[in-house]
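Copied over from Swiss-Prot, here are the features:
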BINDING   Gly386, Gln387, Thr388, Gly389, Ser390, Gly391, Lys392, Thr393  ATP binding site
COILED    117-296  coiled coil
COMPBIAS  88-101  compositional bias 'Polar residues'
DOMAIN    294-633  domain 'Kinesin motor'
REGION    1-116  region 'Globular'
REGION    1-42  region 'Disordered'
REGION    81-101  region 'Disordered'
Amino acid sequence: MDSTDKKVQVASRLPVPPKRKYVSNDENQEQMQRKRLRSSLESELPAVRVAASIATSKPRAAPVAALPKPQVIGRQSLAVMRPKNSGPGITSTSFSGKTKVSSSVTQPAAIGAEKKKRAAWDLKGQVNDMRDTVSNYKGKMQNLTGENARLLNSKEKLQREVEVLASENSKLSQERCTLESQLREVRQQVSTFEREVARLTELCQRQEKELSSHTNTIEELQGANAILTKQLLDKEVKLDCVSGENTSLKHTVNEQTDEIAALKVCLAEKDTEVHSLDTERRRLHNLVQELKGNIRVFCRVRPTLTPERELPAGHISFPSNDGKAIVLSKMEESHIGREKKDAVKYDFNFDCVFPPPCSQESVFEEISLLVQSALDGYPVCIFAYGQTGSGKTYTMEGPEDVTDDSMGMIPRAIHQIFSSAEELKAKGWQYTFTASFLEIYNETIRDLLINRPDKKLEYEIRKVNSANMLLYVTNLRYVKVSCVEEVHELLKIAKANRSVAKTAINDRSSRSHSVFQLKIEGENKQRDLKTSSMISLIDLAGSERLDRSLSTGDRLKETQCINTSLSTLGMVITSLCNKDSHIPYRNSKLTYLLQNSLGGNAKVLMFVNISPLEENFAESLNSLRFASKVNECVIGTARANRK
């Protein structure tokens, strides 16, 4: 410092805020570290109080140069820059302990401690003291500047080391990630391998079990194979024997084949012969029926019922043993007194007469040949005639509780038809059957196969077409049947629906004519033959005189319609016998419906049923007279309906 004493004007020590600029966070931290360093240095300066203004003639001293701002790297470098008060010398240790720097700074004696405080007027002394202090600070500043340079170099080295370490750290991080990824893959593979090992272990165990099982099976098969091998040897021996037999059998087969061919030729000839014989049988059967008459009359006397056992019934006798005659006898009184005359006898002869003990089966045996004619293609009509209560319904249908022995003519005829049709299948015949069941009540047709008939339906008799005389009834139910049981069910339905009523003569009198018809269609494809016929089985309503029946109201109308239709039936049969040009079929619904079953192509059988009671003598006599008249008729030769 210049020795010339000059008066220096000391500036105010109040802090002046600097013009601050916007700095980044890193720069801000660096400035903060510099401020801390500066404050630590200033704390070591002695506190000197200087007057605010000094009157001196000396020039002002130059302002103290500002300390250079060292670049602070981190806390470790900052710790180096902060010297500790450890005596007169200050020892600084370089960063990370690699470089050690020692510097001894001569520190002046504490101002104001060892020296006495100068007087306020001793400005020169004060200036000298200040100069000494500045000189000391300059030396310290130089030391700090050198230390700062060394620290900067160390910082650069450390930065380079940090960069190298950061690069190595990045590489190591990447390697660590790679190794972790590989570790995860290896762990997954290990888990997969463990599962595979478990699966293979389980599979191995199963294979071992199967191997054990197969081993046992092989042993069993080997044993069986040994047995079969032995059997095979035995079979080969037998085969040699059988081969010889086979050769001889082949010769036998050839001979039998020739014989079978010859038998087939013979069978064809026999079949032709059988057909010829069957045709001849049909012809002879029809001839027998014609010889017996195409209109045949059977008389049947019903047995006495339990309530009638005490009533007189000895007026009927059967004089001959041939079963064709019946005699009615009656004692007559004189007109002038009670004197009795000789008994009057009425003799009648019919095709067959059945006394009361005759069973249903014996009666059917006489009509079975007529039923067979229906399968041969002839129209057949069988009806029962007689007064009410004479046993017509019993003869045709059977009793209420029917059994195999008490079945009437209708179920027995159906059974025979189906049985014969089954037997004829062996001869190449196939049959189809269509059944219907109706009643004619007060000249009105009713369908007995419908439980609740519609009153709006009208049943009219019409021709199928104008080319033939086939008839049908509109709205009537025609049922295809294939077995006896189906027909029996239809008979039960019809029996429940038939009109019956109580009269003075019979508690359960049939008040209508019931007509069961079965259409039979047969075909023999081998012979190219077809047949079509109709069998009609009729239970006529009971004939009775109005004076005996005491009918009134509806019963009177029923009796009148019944007697009218029966009279028309007698007229039709008489006209057929007389071969009249006009046959009054249309006079009643019954004769109009049965015209194809009563004409020249038909075979007709009439049952006349009479009561065994003497009180019914007049009605029995009238019935026998009507039957005798029918028995005298000849309606011509019946013809089968064949194509």
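Note: Cβ is positioned from N, Cα and C throughout, glycine not excepted.
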Checklist outcome for this item: Within 10 angstroms of the C-beta of Thr388 (ATP binding site), the count of other C-beta atoms across all shown chains comes to 25
Checklist entry - Whose Cβ, among the binding-site residues Gln387, Ser390, Thr393, has more other Cβ atoms within 10 Å than any of the rest? => result Ser390
Item to check | Sequence-distant neighbours of Gly391 (ATP binding site) in its chain (C-beta under 8 A, six or more apart) | outcome: Arg300, Arg302, Asn609, Ser611
Item to check | Listed binding-site residues (Gly386, Gly389), ranked by Cβ neighbours within 10 Å, top entry | outcome: Gly386
Checklist outcome for this item: For the region 'Globular' (1-116), the averaged pLDDT of the predicted model is 47
Checklist outcome for this item: Using a 10 Å radius on the Cβ of Lys392 (ATP binding site), the other Cβ atoms enclosed count 28
